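For reference, the structure discussed in these notes is given below.
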Amino acid sequence: MGSALLMVVLFAMASSAVFASDPGPLQDFCVADNTSQVLVNGFVCKNPMKVDADDFFFSGLNKPGNTNNKVGSNVTTVNVNQIGGLNTLGISLVRIDYAPYGQNPPHTHPRATEILTVIEGTLLVGFVTSNPQNRLIFKVLNAGDVFVFPVGLIHFQFNPGHENAVAIAALSSQNPGVITIANAVFGSNPKIDGGILAKAFQVDKKVIDYLQSQFWEDNNN
């Protein structure tokens, strides 16, 4: 019985290590020390005796972001780079503003699951499952509705209405990362060979050349 219990405990410990996306805290907090030159997975801890309330504080999430851009949206990020106290806590937050017909284009967070709440307006949201099914799972959300985007899957939000929309989302990492699909594929630096993309997307290479010229210019200005 004892050996069986030990095996269960060891399995649980191993499983928690496998599924953890961020390093866990080994003390009350580990406020990020942005002045340190030491490179670690995350950030070196600031001297706890020099920590104060401002290390756990951010102001301004009540202010609308500027949506006057090509996609008609703006993401205000609150992660470990804005709040040093988030270091090792495995959570962050964003505010997303959408102009009418604006979108948060298809993207993925390589290190986090996202849970989104609509504050104002209406959003069409969805994510695509992995190969080979590539199922689109989508829903129209209104104020007060909540939707989850599983870690690593491509997802998007679109404002189909005539009014602005606002959402707040929490992510299960202090630094979730974001890969916008079109920017990464067509705006990489250096560029992915156009012939490779033409074959992958089954289109004429001239289409790829045009897309790369547009996205590369946007990414590198």
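Cβ coordinates come from backbone N, Cα and C, glycine included.
Since this is a predicted model, take the numbers as computed values, not measurements.
Quick look at what TrEMBL annotates:
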- 1-20: signal peptide (SIGNAL)
- CYS30-CYS45: disulfide bond (DISULFID)
- 59-209: domain 'Cupin type-1' (DOMAIN)
- ASN104, HIS109, GLU114: oxalate binding site (BINDING)
- HIS107, HIS109, GLU114, HIS155: Mn(2+) binding site (BINDING)
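The structure, with features from TrEMBL marked on it.
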residue : record               : Cβ contacts under 8 Å, 6 or more apart
CYS30   : disulfide bond       : GLY42, PHE43, CYS45, LYS46, ASN87, THR88
ASN104  : oxalate binding site : VAL71, SER73, VAL75, ILE96, TYR98, PHE156, GLN157, PHE158
HIS107  : Mn(2+) binding site  : ILE154, HIS155, PHE156, VAL178, ILE179, THR180, ILE181
HIS109  : oxalate binding site : PHE149, VAL151, GLY152, LEU171, SER173, PRO176, GLY177, VAL178, ILE179
GLU114  : oxalate binding site : VAL148, PHE149, HIS155, ALA169, ALA170, LEU171, SER172, PRO176
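Using a 10 Å radius centred on the Cβ of CYS45 (disulfide bond) and all shown protein chains, the other Cβ atoms total 20.
Of all Cβ atoms in the shown protein chains, 22 besides its own fall within 10 Å of the Cβ of HIS155 (Mn(2+) binding site). Neighbours of the Mn(2+) site: apart from HIS107, HIS109, GLU114, HIS155, residues of the same chain with C-beta atoms within 8 angstroms of the site's C-beta centroid are THR108, ALA112, PHE127, PHE149, LEU153, ILE154, PRO176, VAL178. Confidence annotation: the domain 'Cupin type-1' (59-209) carries a mean pLDDT of 97 in the model. Taking the centroid of the Cβ atoms of ASN104, HIS109, GLU114 as the oxalate site, the other same-chain residues with Cβ within 8 Å of it are VAL94, HIS107, THR108, ALA112, LEU116, PHE149, HIS155, ALA169, LEU171, PRO176, VAL178.
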